[in-house]
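Undergrad: Below you will find the structure I want to go over with you.
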Amino acid sequence: MARNVGGAQKRRKEEGADYKPSADPKDGKDTKDIKPKSDDAPVMTRKTKQVLLLAALCLAPYFYQLLTVELQEGVKRSIFINLLMSIGGYFLTVRLIPVASKYLLRKNMFGYDINKKGSEAGTLKVPESLGLVTGIVFLAVAIVFQPIFFTPDHAWLPEYNAGLMCICFMLFLGFVDDVLDLPWRVKLVLPSIAALPLLMVYAGHTTILIPKPMQGLVGTSLLELGWIYKLYMGLLVVFCTNSVNILAGVNGLEVGQTLVIACAVLSFNVMRMGKQYLYVETPEDILRQEAHCFSIFLMQPLVAACLGLLVYNWYPSSVFVGDTFTYFAGMALAVVGILGHFSETLLVFFLPQVINFLYSTPQLFKIVYCPRHRLPSFDPKTKLLTGSNDMNLVNLFLRTFGRCTEQTLCIRLLLFQALCCVICFVLHKLLEGWYK
Ligand code: UD1
Ligand code: MG
């Protein structure tokens, strides 16, 4: 494969400094090294403790609800089996990433850590596109799990599989983007192509429930949108995928935001299923229950595979996730939002991404100059990042809350993401019965 002449590789060579394979990017005390076996093997550091702590914080509300909320026996059993398979997926991801990293490096799929430019760690070749492993493990778990869900019928299977096909298609197109380094206008179109399987198969409702305070104005409680609803689904997919991709460039941020949102989605599903448990009477109630189950069965493996990736992607990153991951993760979240019929809630979970997108629009639409990377500047002496004038949330946080290390910046941004999820749950509680 003559990829050395490809745009991405050419650019990396132009941007890059000398390769020093023996340099160690590790600066945490409790990280475990996997020593390189040969000169071309990457230096991999595992940040297991930090990641398990983050997992415990994010998953605690979900597990608490799972233990306290009353659910049907069959559903509980399915969730438990899915959880066990997901834990297997975590270990598989952790095991496969060092292997995949070696092969990706050999094919010149690497990047330089921009937020370490000027330091030794900034000269290392960091393997790129490791979202590939996460995506493959996620898909394998989600596919193998299908015959295990204990339901009386299999009506959910076509949509479940169409959803998986979209995620798989997006993973592939994300990897294509990493290899070919596509221009922005093409990047924007890719998710709408990947969404086609779901748009074609979707047989669910295309009506929306009008909020109670507005029903008088519209004159009805249910509004049939027809093809406009499908257009909305397509736009949601384009937004979710691209918005994760542009809130990026800080070690651990891409995977961290996906993790926080996925855990919030898990909590939301159990909350809704618990509430509806007593009212499952009509076929529509059963479908709604199944939609939430379906969402849990996709989110558990996603969380597990993300944790496996974060072990290597947390600061200081030994691997980059690539557009392969950002597109895949955005698509997985959009698919559960659409099929679970809670896209409005999902958009509130996505509040930091919405803010980042809106703030970025002058640069995205080229009204203001947009460089290839809109990242902060790094001071090798103090190891602190300073916000640039580029219009995104990463720089806004640095300008507002002051200079800080890359890890602190990532934690601050993830805390903001978690805060938005909490706000969403509070809004649900406050507006219950009044809004819808
Ligand atoms: C998007 C952003 C760009 C940002 C980039 C970072 C827009 C319009 N584009 O571009 O501003 O710089 O994501 O991913 O907002 N990298 C790091 N540290 C990390 C992760 C990535 O330095 O923690 C660098 C590496 O050099 C890596 C490269 O970013 O090779 C990957 O960039 P890519 O995903 O191709 O950028 P875009 O998605 O096009
Ligand atoms: Mg990207």
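From the backbone N, Cα and C atoms, a Cβ is placed for every residue, glycine too.
TrEMBL entries are annotated by machine, without manual review.
According to TrEMBL:
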COMPBIAS  12-40  compositional bias 'Basic and acidic residues'
REGION    1-40  region 'Disordered'
TRANSMEM  50-67  transmembrane segment
TRANSMEM  79-100  transmembrane segment
TRANSMEM  130-150  transmembrane segment
TRANSMEM  157-176  transmembrane segment
TRANSMEM  188-210  transmembrane segment
TRANSMEM  231-249  transmembrane segment
TRANSMEM  293-315  transmembrane segment
TRANSMEM  327-351  transmembrane segment
TRANSMEM  409-431  transmembrane segment
Undergrad: Taking contact to mean three or more C-beta pairs under 8 angstroms, with sequence separation of 6 or more, is the transmembrane segment (231-249) in contact with the transmembrane segment (327-351)?
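TA: Yes, the transmembrane segment (231-249) and the transmembrane segment (327-351) are in contact.
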Undergrad: Against which stretches of its own chain does the transmembrane segment (188-210) lie, if we need a Cβ under 8 Å and a gap of at least six residues from its ends?
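TA: Answer is 158-159, 162-163, 165-166, 169-170, 173-174, 176-177, 182, 218, 220-230, 233-234, 237-238, 240-242, 327, 330-331, 334-335, 338-339, 341, 436.
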Undergrad: By Cβ distance under 8 Å, which residues at least 6 away from the ends of the transmembrane segment (50-67) in the same chain are close to it?
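TA: Contacts with the transmembrane segment (50-67): 28, 30, 79, 256, 259-260, 263, 266-267, 270-271, 274, 303, 307, 310-311, 314, 414, 418.
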Undergrad: Let me spell it out: take the transmembrane segment (293-315), skip the flanking residues so only those 6+ beyond its ends count, and list any with a Cβ under 8 Å from a Cβ in it.
TA: 44-48, 50-52, 54-55, 58-59, 75, 78-79, 82-83, 85-87, 89-94, 97-98, 101, 130-131, 133-135, 137-138, 141-142, 145, 149, 151, 156, 159-160, 163, 251-252, 254-256, 258-259, 262-263, 265-266, 269-270, 273, 321, 325, 329, 332, 335-336, 339-340, 406-407, 410
Undergrad: For the transmembrane segment (79-100), find every same-chain residue at least 6 residues outside the stretch whose CB is under 8 Å from a CB in it, and list them.
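TA: Tertiary neighbours of the transmembrane segment (79-100) are 34, 42, 44, 46, 66, 71, 127, 130, 132-134, 137-138, 140-141, 144-145, 148, 293, 296-297, 300-301, 303-305, 307-309, 311-312, 319.
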